[in-house]
Amino acid sequence: MENMVYAEELVKEFLVFRGFTNTLQAFVKELGTDIGKGFQVDKIIDLVFSIYIPKFQAENLIQLLRFFSNCFSSHETHLISVISELDISIIQYYIIHAIQAGRKDKVIELFDIHGTELLQKDQHWASWFAIPYIKAPQSEPKFRVYFSKEWSNALHLSLRNFLTKMFNGTRIPALMKISSERNMVSRLKGDIKQLNFKLAQLQVSLEEKETQLHHSSLLATEVIVGTDSTSNPLPGSGEPTVFVPASSHVNCVSASAQAGEREPKHSEDIRPDDTQVSTSKISNHSGQSERNTENDAQREEEFPEVRVDFQETFLGHTSPISRCRFSATGDNVASASVDGTVRIWTYDSSAPTSRNATIYCGAEIMSLEWECKSDRLLLIGTADGGIKAWNVDAKRVVCDLSCTEAFPSVLDLKCSPVEPIFVSAAASRWPGLSDIGKLGYASLTVWNMRTWKAMTVLPLGEDPPPITSVCFNHNGKLLAAAATDGMIHMFDMSAGLQITGWPAHDSAISSVMFGSDETSIFTLGIDGKIFEWSLQNQGKVLWSSDCSRFCNLRSSSHYKHEMALDAYGRRLLVTSNSLRAPIYQVRGHAYGMRTLPHSASITTVDWHPTSPIFLTGSADHSVRVTSMV
């Protein structure tokens, strides 16, 4: 009966919920005087043989025996007879103990109160009525056996065995099965976790075998081509030719096959003393990186796979994942799919699931953002200009805002970490596939989260290019906005004015975020270039990398790529057209790591706010929570 306490807590919770305060008080009172001791055998044995009988509490003993007779009254006839015989033996033990203790008055008192009831149950009690008046009943043949140690030990053992069998075999109420089923679900989840891990290991082994076959095919091609391919490169070729066999990676989706299923290419790190880097210099640097493609690709093959502590896979969606975000505490996850649904769930089986919900928005979800100070509110931006505020405690939409008709696509939402405001970045056109540069014009609006009204529109100039990504710094005083023209715009939120800006990429910027130490800012371009810019020396590149093999929008099923920085600012996770996503070591000497594979491209990523746990959403409709060792 290990689930008894859990069932009792459920009853209390229900009574409080229904407002049955009188019933709750009566229930708590009866729990405090639980005569059955929660059906715990050891406690019942102690109650009978260590309290009621030694202290001559005959009335309590009779009530306990009646209680168990009622509990087991629905069982088979032969069990009812066993219960009756045990009742008689326990009362006889009480009488013998009183005689041995010199308390014949307690025996007479018992017969005076319950004698008639005992006679009605069994006529053999008639001879026992004389025992208090016999000088040496232990010498009488009829009573001698009851004074022996063997008989009392046998009674102890019989009662223990009977109670154990009855409690273990008793039909368990449906309320008590909840805890058992909950434990079973937890065990099954653990089994699923282990099986998923084994599956991932097998997938890795399969990919390694395919990579070996791929290298063997390349080697065979080089042998056939000979020195001619080295001395006479193909005309018009600006980079080394790679031969990929038609059978390579047959288990991947077409987008991954077009991407070549290789890991990201690293450009050489830009030295910290390179100041005032212009976009033309960045292009030259990228060209030098392309000349070293073969060396970079070889490095990328050495990317180790992340060492996984645990991994949970959420399969609640029925279409590709567009966004997924950890809540402010990291306890809850919000994930959106292209069919216009948002799901709130938790990856921890021990955590309460009362916040789990499904939200139907009626349009494609383009942005998600949790309130920074709590897990209470979730903001949802859609492709039809809608912004919904979902209260996870009340499980309802508390506000449904609409952008102007001129800017229907809400590309990004960000909440201030300090004030009750958020900023929406909207565009004037629908983002078609690979059309991040054709989103029309931009609008940046600041909203009040108490009145749910627009406060101001940040100035961007005449006919500004769309803003694809925005982020606040740690105190909410600065807002960074990345545009499709490759510019970074910096706003002073107290004044509502743009204070600076600089060209960061030759192409559109897909994602922007402040570094963990707030002295730098990261940008990801649609060309796959990643830069970390100094905020103290504007235009200075502190670190860079090239993930262009992963960020090919032409072969992508989503209109922009994302990046996410861990809580310590050391690891940068990027979305991918491949089955795996790269995790770069920021300013580190290590080349990076690879995530465990999905079965389709990785469309959205996020990091836990405090722990080495990351999210990956995929076009295969799944969302994974992975904890790194």
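Here the Cβ of each residue, glycine as well, is placed from N, Cα and C on the backbone.
TrEMBL lists 260-274 (among others) with the feature compositional bias 'Basic and acidic residues'.
Here TrEMBL flags 275-290 as compositional bias 'Polar residues'.
Positions annotated as compositional bias 'Basic and acidic residues' by TrEMBL: 291-303 (among others).
For 54-168, the entry in TrEMBL reads domain 'ARMC9 CTLH-like'.
What TrEMBL records for 461-515 is domain 'Anaphase-promoting complex subunit 4-like WD40'. Applying DSSP to the domain 'Anaphase-promoting complex subunit 4-like WD40' (461-515) sorts its residues as follows: 0 helix, 31 strand, 24 coil.
Among the features that TrEMBL reports, region 'Disordered' is placed at 254-303.
Residues or ranges marked as repeat 'WD' in TrEMBL: 314-355 (among others). Residues 185-186, 189, 361-375, 378, 380, 382, 390, 392-393, 395, 557-558, 600, 603-611, 613, 615-625 of the same chain, all 6+ positions outside the repeat 'WD' (314-355), place their C-beta atoms under 8 angstroms from a C-beta of that stretch.
Taken from TrEMBL, the feature repeat 'WD' applies to 502-537 (among others).
Within the chain, the repeat 'WD' (595-629) has long-range Cβ neighbours (under 8 A, six or more residues past its boundaries) at 200, 203-204, 207, 253, 255-256, 305-315, 317-326, 328-330, 333, 335, 337, 347, 556-558, 562-567, 571, 573-583. According to TrEMBL, the feature repeat 'WD' maps to 595-629 (among others).
Taken together, the residues of the domain 'Anaphase-promoting complex subunit 4-like WD40' (461-515) have an average pLDDT of 93.
Helix, strand and coil counts from DSSP across the repeat 'WD' (314-355) read 0 helix, 17 strand, 25 coil.
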